Amino acid sequence: MKKHNFSAGPCVLPQPVMQKASEAILNFNGLDLSLLEISHRSTDFTAVMERAQKLALEHLGLQDKGYKALFLQGGASMEFLRVAYNLLEQKAAYLNTGTWSVKAIKEAKLFGEILEVASSKDQNFNYVPKNYTIPSDADYFHCTSNNTIFGTQLKSFPETNVPIACDMSSDIFSRQLDFSKFSIIYAGAQKNMGPAGTTLIVVKEDVLGKVSRAIPSLMDYRVHIAKNSMFNTPAVFAVYVSMLTLEWLKEKGGISAIEKVNDKKSKLLYSEIDRNPLFTGFVANKEDRSTMNATFNLTDENFKEKFDTLWQDAGINGLNGHRSVGGYRASMYNALELESVQVLVDVMKELERKA
Ligand SMILES: *Cc1c(COP(=O)(O)O)cnc(C)c1O
């Protein structure tokens, strides 16, 4: 039975990518060797790393603009501290829009003063704060572009003279932005790019080398740039599958083309949430709704059992909301097809008919 995978992460990946990835495990590049058993320093693998880095910068429109793309380990969670290690001398400004921002703030506090410029904690993070000011003497400003757990998304970014570092784990490559506004962009692969195990970090080199502390090699972006993400053994499989996904995205027409599909998918689902009296959205302001993760609840919990049976019978997977929000969360990453959202919407309509 065809599954419709709405899982929040790890999550759906394009089928052609899965096919190529499984072939590479058995016989990579016709070498009669597996991708998993060759040296990461072989020409076959270094070509993969370079291609993945080039594609990432190309998709973001950041080639030849002073940026480097790295594929490192430790997940996005590692970057919570690595960003601060490399950039925080005195004081940094953070926007608190949910669980992942809270974790980023906690790590950064180990390195200096953290100013929370605004927070939506007062309403369990169901909106995106606006109209805050970023002190011009901050070392950097940090934000989370898409709040995977709560289903909010930043639709605009502040104008500021301080470097912006952004956790884009759950919406990178999903929508067009002026990426040159950011000095550091990072994203764990396992949402829009590939399997768990690697993190893409895109860093503008001119923000580095300004802190006075000594930085351990593994924590130092400059070391990884100098070694082209090969300071130690990279997560070869995760990098390879990320490269395949970035190739797939290119064939699809890049970010601007996939954004149109993503808009269609999210409009389809949100209009049903708004229309169907049995459902209600979690996010307070419609303009803050994420195109990647839609959070919603039943208006009457008595229908829970019936709804859960209906969507499971339709082949839908991963619809339960995060424990801190409850209800449901439909994650509609790049690889999820419009058809899958239609299946979910049909199930919601069916519940209404049967209720
Ligand atoms: C999933 C997620 C993370 C955590 O990523 P790990 O790779 O598990 O460390 C961080 N930030 C956001 C926005 C996420 O969605």
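Glycine is no exception: its Cβ is also placed from the backbone N, Cα and C atoms.
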According to TrEMBL, Ala76, Ser77, Trp100, Thr148, Asp167, Asn232, Thr233 bind pyridoxal 5'-phosphate; which of Gln53, Gln63, Gln90, Gln190 is also listed for that site?
Gln190
Going by a 10 angstroms cut-off between Cβ atoms, which of the recorded positions Arg41, Lys191 has the sparsest surroundings?
Arg41
All-chain count of other Cβ atoms within 10 Å of Asn232 (pyridoxal 5'-phosphate binding site)
12
Within the set Trp100, Asn232, Thr233, which binding-site residues show a CB-to-ligand 1 distance under 6 A?
Trp100
So among the binding-site residues Ser77, Thr148, who's got the most Cβ atoms within 10 Å?
Thr148
